[in-house]
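Scroll down for the structure; my scribbles are underneath it.
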Amino acid sequence: MMTQNDSDIWFEESSGSGMTSPLSQLDQSDPTTIPEASPLSLWGVALCVSGTLIVSENTIVVVAILATPSLRAPVFLLLTSLALADLLAGVAVILHFLFLFCVEPTDWSDLMTSGLLATSLTASLLSLMGVALDRYLSLSHALTYGSRHSRRCAAGLLALVWLGSCLIGSGPMLGWHCLNDITSCSVARPLTRTYLSLLCGGFLLVVMVTLQLYTGICRVARRHAHAIATQRHFLPDDQSYNSKHGGRGKGLSRLLLVLGVFVSCWTPFALYGLLGDASSSPLYTYATLVPAAGNSLLNPLLYSLRNRDIRKVLLHACCPHRHTHNTHRPVDV
């Protein structure tokens with residue numbers, strides 16, 4: 001895709017097909033020979049199916065929120081941003097599939113898909129941090145958070161998130177690539193080692209900040225529970241109190257699930273991008289990058305579709321005659 005000696009080997013190893021590169025099959029004596037797309041493999045099928053699922057899931061979320069005027073709280077702005085970022089990640093996966101197996105890959109196609117994937121993954125990760133920040137603020141400032149001023153602040157913050165993500169993603173197109181210098185390549189060609197190191201370092205920083213926010217959420221939730229127990233003259237470990245508030249254990253398990261998926265999806269690629277180099281096996285690159293991209297498939301299930309207001313909108317779209325109450329709980333994400 002980039003140069004015959006580098007990208008063709010990368011594709012051959014990463015696809016696991018064992019086939020020779022289309023470029024290497026050209027008759028060198030015949031300059032009119034046109035490269036053909038590679039035969040479809042199991043890896044190509046996985047790319048196509050996963051990309052289609054990611055796009056479909058997140059399109060449903062975006063349309064459901066934008067088509068419902070009542071869903072304008074800060075959390076829904078954040079969920080829209082998250083779904084839009086994940087949708088773009090799915091588009092990047094589909095484009096990667098098309099350029100590998102359907103049309104002739106070029107340097108331009110490599111740079112475009114790499115930039116789009118960097119933009120979408122950056123925006124997705126920052127939106128996840130925004131969701132954690134929204135949960136923290138909705139608990140610590142429950143009386144004032146959610147006002148029109150908060151919505152304007154959330155919209156401004158998301159504008160900055162997308163502006164920064166687009167600037168980061170434009171790096172490969174603006175010349176921050178290794179197409180002309182193979183020795184500067186990272187584990188994810190055509191990105192340079194410097195570019196990917198900065199990107200993965202930023203990813204790890206966002207992961208740590210997000211974990212700190214969820215730790216703060218746990219502290220605030222415990223303080224609220226203790227205050228409620230004190231007002232009702234109960235102790236937090238009282239059986240009658242636990243019987244009424246047994247949902248705390250369920251809420252904690254959901255929080256642990258979200259954190260577990262978040263860390264397991266993002267940490268491997270971020271660490272490998274910092275520690276690996278161009279001599280590393282492409283198999284390791286895909287083994288760590290697939291979970292990060294797969295997080296875009298899980299986000300709608302863990303965040304948007306768990307919100308009862310969004311579920312009501314989707315149920316009403318599927319069953320218009322079903323009666324739903326218009327009660328919104330933006331914290332229930």
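Cβ atoms are placed via backbone N, Cα and C, with glycine included.
For reference, TrEMBL has these:
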- 40-68: transmembrane segment (TRANSMEM)
- 57-303: domain 'G-protein coupled receptors family 1 profile' (DOMAIN)
- 75-99: transmembrane segment (TRANSMEM)
- 111-133: transmembrane segment (TRANSMEM)
- 154-175: transmembrane segment (TRANSMEM)
- 195-214: transmembrane segment (TRANSMEM)
- 252-271: transmembrane segment (TRANSMEM)
- 283-302: transmembrane segment (TRANSMEM)
Dominant neighbour of the transmembrane segment (154-175) in 75-99, 195-214, 252-271, by Cβ pairs under 8 Å: 75-99
Residues from the same chain, set at least six apart from the ends of the transmembrane segment (111-133), whose C-beta lies under 8 A from its own: 75, 78-79, 81-82, 84-89, 91-93, 95-96, 99, 154, 157-158, 161-162, 164-166, 168-173, 177, 179, 188, 190-191, 199, 202-203, 206-207, 209-210, 213-214, 217, 262, 266, 292-293, 295-296, 299, 303, 333
